[in-house]
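Visitor: Before we start, here is the structure in question, set down as structure tokens.
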Amino acid sequence: MGIKGLTKVLAEHAPRAAVQRRVEDYRGRVIAVDASLSIYQFLIVVGRKGSELLTNEAGEVTRQETSLALPVSDHCIPAYLTFHLCELCSHLQGMLNRTVRMLEAGIKPVFVFDGEPPEMKKKELAKRSLKRDDATKDLNRAIEIGDEDAVEKFSKRTVKVTRKHNDDCKRLLRLMGVPVVEAPGEAEAQCAALCENHQVYAVASEDMDSLTFGARRFLRHLTDLGYKKSPVTEFDVSKVLEELGLTMDQFIDLCILSGCDYCENIKGIGGQRALKLIRQHGCIEEVLQNLNQTRFSVPEDWPYQEVRTLFKEPNVSAGISDFTWTSPDTEGLMGFLSTENSFSPDRVTKAVEKIKAARDRYSPGRLKHLTPVASLPGTHTGKEPKCILGSPGQSLKLINYCSSSSTSNAGYRYTVDLSLLAFKGLIS
């Protein structure tokens, strides 16, 4: 979620703190990327062409197949299956494509993954889980009545980034030769710490709380490469403070008062009113002292002081060395993407060629200021867990689906791997 209403507040009250940039402006720059948020976006932004990744060179699915009947409305099931078919590999497709495009632009990405969430965020995570449960119920109803648009909408609302998604992307990035950081806590906080320590030039994310954690430069839309034409928006935290007329401590209080992931906000106080109150009173303590208690109800035991400490002293690793971008592991990528995840071998080969070409084009000899000195350790180990989808089923690995000319309105027939499919109540 980030900080409620902060984008609008900055657009109105600190317009000069944000500038529009081209991707090319970051050529030669080391950028910390919030990986976990990117993966969520990859899972949400799913198109039909994502299913191409599950086929071989002849367009055929290579897994063991069998068939089953799904006794639901004919015209809505393709939307549901298409979404989850693409979802199975969309995190890998998105991570591969966007990382390649960043490397081709001369950007040196460092992907930072979430660790253990702070205790104060667990209430927000529980709320999100309940929303996914509600979306699953809505999805079931949409399937029953055959509402194709609703099936697609509610399918996306059931999406959750799993450990499997994260582990897959870490493995992919390491095979690509791109550094990975596993944060002990919030990825945004670790990104901000790397930026504050001058180990990276900027932080790329969509959550505005990167600024609250103290990132000197914050980039939005950088990971939209190849999907949107939006320019990159760069925020400079020093200009944010200057334009708003606040200290960093006051800015943190503004963000807490506006609403964040770590505590409830005061109902009726959004970003605009929060800015006015902080400018008038200077800190949350004084705001509460002068707040109209009959108009605004402060949550009981409101932990704003603990949240303030979390933003100022987050759980981050201070012992991270500088980074090295290595040559891609061609054999490893082919095995992981093509053999294990049914990517087209030609697609993998082209991606490797692009990575190598970008590495040659922006070699340390040409960009001397980027010469790294040490690499982050870590290799992928352990048995892969199944991908758990927020759907009427549990673990699911769709292989292919096709309509049968002899199938009646009672349902479609689809070719799937039954051993990994669990549509509760939907399999006849």
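Every residue, even glycine, has its Cβ placed from backbone N, Cα and C.
Annotated region 'N-domain' per Swiss-Prot: 1-132, in sequence order. The Mg(2+) 1 binding site annotation in Swiss-Prot covers D34, D114, E186, E188. The annotation DNA binding site is assigned in Swiss-Prot to R98, E186, G259, D261. What Swiss-Prot lists as region 'I-domain' is 150-281. For D207, D209, D261, the entry in Swiss-Prot reads Mg(2+) 2 binding site.
How buried are these features, and what lies next to them?
Guide: When secondary structure is read from DSSP and collapsed to three states, E188 (Mg(2+) 1 binding site) falls in the helix class.
Spatially close to E186 (Mg(2+) 1 binding site) yet at least six residues away along the chain are D114, G115, P117, P118, K121, F213, P314, N315, judged by Cβ distances under 8 angstroms.
According to DSSP, D209 (Mg(2+) 2 binding site) is assigned to a helical segment. For D209 (Mg(2+) 2 binding site), the same-chain residues lying six or more positions away in sequence with a CB closer than 8 A to its CB are G2, I3, E188, C255, C260, D261, F311.
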Visitor: Through the lens of DSSP with three states only, how would you label G259 (DNA binding site)?
Guide: coil
Visitor: Taking DSSP three-state, what's R98 (DNA binding site) in: helix, strand or coil?
Guide: helix
Visitor: Going by a 10 angstroms cut-off between Cβ atoms, which of the binding-site residues D34, D114, D207 has the sparsest surroundings?
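Guide: Among the binding-site residues D34, D114, D207, the sparsest Cβ neighbourhood within 10 Å belongs to D114.
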Visitor: Count the other Cβ atoms sitting within 10 Å of the Cβ of G259 (DNA binding site), across every protein chain shown.
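Guide: Other Cβ atoms found within 10 Å: 22.
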Visitor: Among R98, E186, G259, D261, which the record lists as binding DNA, how far apart in Å are the two most distant Cα atoms?
Guide: 31
Visitor: Measuring Cα to Cα, how far is R98 (DNA binding site) from D34 (Mg(2+) 1 binding site) in Å?
Guide: 13
